[in-house]
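Asker: Here's the feature list from Swiss-Prot:
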- 19-26, 81-85, 136-139: GTP binding site (BINDING)
- Thr26: Mg(2+) binding site (BINDING)
- 10-206: domain 'tr-type G' (DOMAIN)
- 19-26: region 'G1' (REGION)
- 60-64: region 'G2' (REGION)
- 81-84: region 'G3' (REGION)
- 136-139: region 'G4' (REGION)
Amino acid sequence: MARAKFLREKLHVNVGTIGHVDHGKTTLTAALTKIGAERFGGEFKAYDAIDAAPEEKARGITISTAHVEYESAVRHYAHVDCPGHADYVKNMITGAAQMDGAILVCSAADGPMPQTREHILLSRQVGVPHIVVFLNKADMVDDAELLELVEMEVRELLSKYDFPGDDTPIIHGSARLALEGDQSDIGVPAILKLVEALDTFIPDPTRDVDRPFLMPVEDVFSISGRGTVVTGRIERGIIRVGDEIEIVGIRDTHKTTVTGVEMFRKLLDQGQAGDNAGLLLRGTKRDDVERGQVLCKPGSIKPHTEFEAEVYVLSKDEGGRHTPFFKGYRPQFYFRTTDITGACQLPEGVEMVMPGDNVKMVVTLINPVAMDEGLRFAIREGGRTVGAGVVAKIVK
């Protein structure tokens, strides 16, 4: 165990706090940095420093997010905390801060509230894979039965949205007492228990490079005497010379073989996630491939035209629409590298959607796009972004 201290390269995991306003998300975030710094290294961030989160622009959307870091014995955590409910909604839908797992903070005194529910639902929709619960303000509840009742309510809520409610770790504690250095069960030890739950309950994330190969097509060139070169940034996986790939999206899927990988005009044996590469394709004409398609490992991704999405509509101040839209709205959906027109079907009982709202909708595209659940997209009108969304469920 003593050796672990010297390993600089701890596994990196992204987490964040979610939950109802004033249930103690930011206090807990501060406590995690303080106790992490004392035990495992890192830097303590005080409540005020976290609360004064700067505004950031992510894809033209204004989001306030605080980023902090702390360590456990085995991992390095990057943690996001948002000051306002609207910031959470935007953050989760745009994927500005991707989470490998979330810490749901729920006040033991109040129990689950509307935003508790909404954040769990959003986590399900946008594909946050794991949730660990911190029942905060346990110092304000004397009745053990009441604590049990709140815990049961939280478990039921999690199960309702397809999280494993019965198996989810729920830690009782007081973030405020922990910050003050209190050593009772609900003080510092509760924070250590929470970190241990993060370590054990959130599995190691799969690195992009270990996932099946995928590269969105940005450009297509024809090089005389050599054939067709497709350029783009490799989103995931590794591609080697001689690998068979599929070209997916817009038109019928077809297979080909990669006969060359180039980067910065140099020939390589392979390209991997994060690389901007040019791939030479065997027997492929320039007109066989277009921007908006993807090159991928055969069978790893399918083209779809209809999906359920969770969408945030930009407000007027963010450069979005000034007026609401109604059912049958037909904007462009920008996936990876291209715009595809689609029609929006609103949920029953929703007549119109106002700028600044978030809404669940079913989208039908005029051409198929290679997609998985969790894929992010922008909604545009004539090149101007008016919304951001994520594929929650594929319909067909």
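Every residue, even glycine, has its Cβ placed from backbone N, Cα and C.
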Asker: Which is it, of Lys25, His85: the one of these binding-site residues whose Cβ has the most other Cβ atoms within 10 Å?
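Answerer: The most densely surrounded of these binding-site residues is Lys25.
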Asker: Which of the binding-site residues Gly19, Cys82, His85, Ala138 has its Cα nearest to the Cα of Thr26 (Mg(2+) binding site)?
Answerer: Cys82
Asker: Go through 19-26, 81-84, 136-139 and flag the stretch with the largest number of C-beta pairs under 8 Å relative to the region 'G2' (60-64).
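Answerer: Out of the listed stretches, 81-84 contacts the region 'G2' (60-64) most.
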Asker: With every protein chain in view, what's the tally of Cβ atoms within 10 Å of the Cβ of Thr26 (Mg(2+) binding site), excluding that atom itself?
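Answerer: Excluding its own Cβ, the number within 10 Å is 23.
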Asker: Could you tell me what the rest of the chain brings near the region 'G4' (136-139), counting residues at least six beyond its ends with Cβ under 8 Å?
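Answerer: Cβ under 8 Å, 6 or more out: 23-24, 27-28, 105-109, 147, 172-177, 186, 190.
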Asker: Report the same-chain neighbours of Cys82 (GTP binding site): residues 6+ apart in sequence with Cβ closer than 8 Å to its Cβ, ordered by sequence.
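Answerer: Same-chain residues close to Cys82 (GTP binding site) (Cβ under 8 Å, separated by 6 or more) are Gly16, Ala53, Ile63, Ser64, Thr65, Ala66, Tyr88, Asn91.
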Asker: What does DSSP say about Asp22 (GTP binding site): helix, strand or coil?
Answerer: coil
Asker: How does the model score the region 'G4' (136-139) in terms of mean pLDDT?
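Answerer: Averaged over the region 'G4' (136-139), the predicted model reaches a pLDDT of 98.
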Asker: Given the binding-site residues Gly19, Asp22, Ala138, which one has the fewest other C-beta atoms within 10 angstroms of its C-beta?
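Answerer: Each of the binding-site residues Gly19, Asp22, Ala138 was scored by Cβ atoms within 10 Å; lowest is Asp22.
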